[in-house]
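Per TrEMBL, domain 'Flavodoxin-like' is recorded for 6-150. According to TrEMBL, the FMN binding site annotation covers 12-17, 59-62, 97-106, ASP132. The domain 'FAD-binding FR-type' annotation in TrEMBL covers 206-447. TrEMBL lists ARG350, ARG382, ALA383, PHE384, SER385, GLY416, LEU417, CYS418, SER419, TRP596 with the feature FAD binding site. The feature NADP(+) binding site is assigned by TrEMBL to THR460, SER515, ARG516, LYS521, VAL522, TYR523, VAL524, GLN525, ASP558.
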Amino acid sequence: MQVPQLLVLFGSQTGTAQDEAERLAREARRRRLGCRVQALDSYAVANLIREPLVVFVCATTGQGDPPDNMKNFWRFIFRKSLLSTSLCQMDFAVLGLGDSSYAKFNFVAKKLHRRLLQLGGNALLPPCLGDDQHELGPDAAIDPWLEDLWKKILGLYPVPLDFPEIPRGVPLPSKFIFQFLQEVPSVGAEELNTASSAPQRPPSELQPFLAPVVTNQRVTGPQHFQDVRLIEFDITDSSISYAAGDVVFIMPSNSETHTQQFCQLLCLDPKQLFMLKAREPGVPYPPGLPQPCTVWQLVSQYLDIASVPRRSFFELLACLSPHGLEREKLLEFSSARGQEELWEYCNRPRRTILEVLCDFPHTAAAIPPDYLLDLIPRIRPRAFSIASSLLAHPRRLQILVAVVQYRTRLKEPRRGLCSSWLASLNPEQGLVQVPLWVRPGSLVFPETPNTPIIMVGPGTGVAPFRAAIQERVAHGQTGNFLFFGCRQRDQDFYWQTEWQELEKKGCLTLVTAFSREQEHKVYVQHRLRELGPLVWELLDRCGAYFYLAGNAKYMPTDVAEALTSIFQEIGQLSKPDAAAYLARLQQTLRFQTETWA
């Protein structure tokens, strides 16, 4: 009897959905089910009609948007030309990951589930709606759902009796085998890097451009609670071209201190050179990792040892632990009943993988190198809105970076890997290079010269609008209206002088909201309401485009509510008509957002 094949397709923005997809694959292998895992956009979607069993794992990003690595799939699956019997041979289930504090909680999973039913698919279960806001995280919903899923799958596709389930305490084989080389490399780690300082084609994730840092300047006042940096890169000879609204992806590195500490804990020689060999055919090689590679390069540039470990980390670590007490604790953390304790130990204080390994030193010292890539996720690139125009700054690219740092009950403050790494780079001490590449962003600006634009960008959300304003001013386009909000004008009023000079020239209308300069906090949505007649005039009579960028938590909803109230009060629309008016703006791309959590 043939072992059934399960296909797990994921759409992941931050890595959580991919981690859950890989967890599904591990559980399938333990049950002796064949399993493939792929990102949705790397899968040939036309083959779905021949797949008997598929689990979709997808996150919801921003305001109900699909992750970047499933956007092509999303467009395809909603084609009106697809027949209602297209997927009648397919049994499926959908696992969603979202945050119930957002209005469109798990919107992607819910909509995908409905669409698969419309195309004739047979749902094994209702969709699972994992929630970041639950005190135990998304696993609170996922654990019981998975139990039901395996019962369904094994009922439909029974495994032969001579294929017993692999016990949880036994580690599955590693994906890769590390083949350590005896010869010490004659080149340094930086020469082994897959990035290039003079690429032949436009830079990409697989071959980023090593951009020299020109300046790294703090732009918040000394009394301000947050360190915000304006960083400029030299992109001469990079073949990089960009327009307003585009984003730059940056691949950060772990600090030298953390890299050394990790190597010591695991008894690894950082200078050791190795080659990777896939244990099974068809396993893709880790993207961006050179062959051969040094341990130092693997740890500093690839393994995300500064991330908060997920439950799967503890599951595998428990399997690999030779130490009785440590293994017992790890098994507890990886069990369903131990999730509350794991949350308190790991998620609530944001304890990192490196810190966990320090707490389990006997286990850390016994980790076989072969399991490093199964145990620790890869460092993911971070996206930043480009804050400059090539028309104003030829051969340069600028970004505005808020350095992430906060305290939990742990002694050491928590620091964002990429923002802290960028802030530490000092071009005055010599050449400093950053691996980067550019992609189109979600904001598209009108090319017609007389179309006005309204931009709402509080805090660092103003970055893409600086690029747009510089570009439009260079083309002689007027009708630029910027609503900017910050705490205090003398602490975090980014590009104050630049805006004021453009105002004097008649190139910009600037409206500010300084939230901490009066008794009652004033935000950008309050300024929009105050200038309701102007906003309505621009949108309804002048055909203006409306843009919003910034934190996704509350601000987008507050701004949308301000707009609908303007449509009702100034435009004299009913509440349903005001909502429909806003929806039409969105559908025609006259209302665009770029938000982040």
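A Cβ is built for glycine as well, from the same backbone N, Cα and C atoms used for every other residue.
Unlike curated entries, TrEMBL annotations are predicted automatically.
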Practice item. If we count other C-beta atoms within 10 Å, could you say which of the binding-site residues TYR102, PHE105 has the fewest? Key: PHE105
Point to revise | Whole-number Å value of the largest CA-CA distance among THR460, SER515, ARG516, LYS521, VAL522, TYR523, VAL524, GLN525, ASP558, listed as NADP(+)-binding | key: 19
Study note, to complete from the structure: If you count the other CB atoms within 10 A of the CB of SER12 (FMN binding site), including all protein chains displayed, you should get 23
**Study point:** Secondary structure composition of the domain 'Flavodoxin-like' (6-150) [DSSP: H/G/I, E/B, coil]
**Key:** 58 helix, 35 strand, 52 coil
Practice item. Within 10 Å of each Cβ, count the other Cβ atoms and name the one among the binding-site residues GLY15, GLY62 with the highest count. Key: GLY62
Revision key, fill the gap. Longest inter-residue Cα distance for the FAD binders ARG350, ARG382, ALA383, PHE384, SER385, GLY416, LEU417, CYS418, SER419, TRP596, rounded to the nearest angstrom, is 26
Exercise for review: Counting other Cβ atoms within 10 Å, pick out the least crowded of the binding-site residues ALA59, ALA383, LEU417, VAL524.
Suggested key: ALA383
Revision key, fill the gap. Rounded mean pLDDT within the domain 'Flavodoxin-like' (6-150) lands at 92
Exercise for review: Please report the number of other Cβ atoms within 10 Å of the Cβ of THR460 (NADP(+) binding site).
Suggested key: 24
Review point. Which residues, sitting 6 or more apart from ASP558 (NADP(+) binding site) on the same chain, put a CB under 8 Å from its CB?
Key: TYR523, GLN525
Check your understanding: When a 10 Å sphere is centred on the Cβ of ASP99 (FMN binding site), how many other Cβ atoms does it contain?
Key -> 20
Check your understanding: Of SER12, GLY62, ASP99, TYR102, ARG516, VAL522, which binding-site residues are close to SER385 (FAD binding site), meaning a Cα within 10 Å of its Cα?
Key -> none
